[in-house]
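Beneath this line is the structure, given in structure tokens, with notes to follow.
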Amino acid sequence: MTLISQRKRNTKENKKRGISTMALATVWTYCVPLTVILTAACLLNTAHCQAVQAENVEVLEGGTAHISCRLQDYDGSIVVIQNPRRQTLFFNGTRALKDDRFQMVLFTPRLVRIALTNVSVSDEGGYFCQLYTDSTHHQVATLSVNVPPEMPTVEPKQEVVEGGDAELTCVSPRSKPAATLRWVRNGREIQGVVSQQENGKTFSVSSTIRIPVERKDNGAALSCEALHPALNGQKKIRHYRLDVNFAPTVRIVPPSGILREGDSLSLTCSITGNPLPRSIQWSRINDSLPERAEISGPTLQISRLSQSHNGTYLCQAQNNFGRAADHYTLLVYENVSVTTMAPPTTHPITSRPTTSILPSPSFAPGPRDPGAVVETHSAVPYAVIGGVLALLVFTVICVLIVTIWCSVRQKGSYLTHEASGLDEHGEVQEAFLNGNDASQGKKEYLL
Ligand SMILES: *[C@@H]1O[C@H](CO)[C@@H](O)[C@H](O)[C@H]1NC(C)=O
Ligand SMILES: *[C@@H]1O[C@H](CO)[C@@H](O)[C@H](O)[C@H]1NC(C)=O
Ligand SMILES: *[C@@H]1O[C@H](CO)[C@@H](O)[C@H](O)[C@H]1NC(C)=O
Ligand SMILES: *[C@@H]1O[C@H](CO)[C@@H](O)[C@H](O)[C@H]1NC(C)=O
């Protein structure tokens, strides 16, 4: 019984001892190293922090960088500032390196500050603030220089011709960090092929787009935007207008109405094309241009037209991408109708001795002019026939009235004559009622 109980106690004691050893091991393996690390870190940290503290600086190229070293409990020890190449810039406030861009701005027991003007990317790196106490402490202030992009440039790869593709490259030659380029047309982005090249510390970026172009795209606006963190949300935007080459088009604006002898002709040739054809060629098909023709740019003028000017006139233009022509057929009509219709005072040909309303064969020799034909053959004969008809009808009415009046007055005394009188009367009445027939007959007779 006692043996058993002793064993039990032993096992109990063993158990107790095991637990305490485990706890100890745990503490030893975790807490102690942690404490040591923390203490060491704290010691190191406080040692450094308290002695000197440097701040990182970011500046734009060409700007001024302020590099500051904060001191704690400064005891008059020597402060040395070195550039990234470990050359001493200032030795306890005194310039050591001969570079006027560095200036000592401030030297107090709490703060040492130097300024670097006209910063370039080669100035980048760690600047050392060193405090020579019994043990040397130093901190590094990292200077980084940003280079915002200049206005990008846009260049077409080759001549842009209608029906082809325009290949445009936008280039931002220098930036740091690399700029982002964006192509935009009508407010929508066009995806470009971007390539980046590193030149020392800066980047050259380009973005190339390829777009199909038609004639209507000539002059279309595009833009290339350069985005960069140093631009503070602003963009450098290069505007570009598509220059699409195309063959010329030519159109002659014809004069309105019929041209007659003595009129002047003015033909204007309206041309398009890119590039706009520099010269326009006027010619007459199968003939030379009339002597009187005057050409000034797109306009051909012929004063005092004559029928010898009849012909087909051609306007031609060309550029490197093609040529085009338009033609106009000139027919000069005789000025006959103008002579007959216009009053003599305003007519240009007033030297004619007589002007008659009636056409005479010698004066109007049956021209082929349709307008003149209608006027000479219809207007004047109808007027004559109308007049004659009116006279005839008037005469008939008069005869009728006189006859009736006579018959009424003579009714009593000449009763025997009544039959013959009625006969006469009826004949006249018939003529009066069938006026058209009568007039036709009269017309035939008159003509
Ligand atoms: C370093 O310069 C500071 C400030 O001008 C001065 O107080 C200090 O005595 C100088 N220390 C030495 C060792 O010359
Ligand atoms: C700034 O530095 C650049 C070269 O890094 C130089 O070309 C330029 O003239 C300097 N500008 C000034 C104002 O000193
Ligand atoms: C020009 O002359 C040729 C040959 O004589 C002829 O075939 C052609 O029809 C003429 N063209 C015009 C517009 O008169
Ligand atoms: C010119 O054209 C008009 C109208 O067709 C015609 O009457 C005339 O005979 C033509 N003259 C010549 C010289 O061809």
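Glycine is no exception: its Cβ is also placed from the backbone N, Cα and C atoms.
Pulled from TrEMBL, these are the features on record:
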- 149-238: domain 'Ig-like' (DOMAIN)
- 248-331: domain 'Ig-like' (DOMAIN)
- 21-41: transmembrane segment (TRANSMEM)
- 382-406: transmembrane segment (TRANSMEM)
So what's the mean pLDDT when you look at the domain 'Ig-like' (149-238)? 96
Could you break down the residues of the domain 'Ig-like' (149-238) into DSSP helix, strand and coil, giving a count for each? 6 helix, 56 strand, 28 coil
Taking helix as H, G and I and strand as E and B in DSSP, count the residues of the domain 'Ig-like' (248-331) in helix, strand and coil. 3 helix, 50 strand, 31 coil
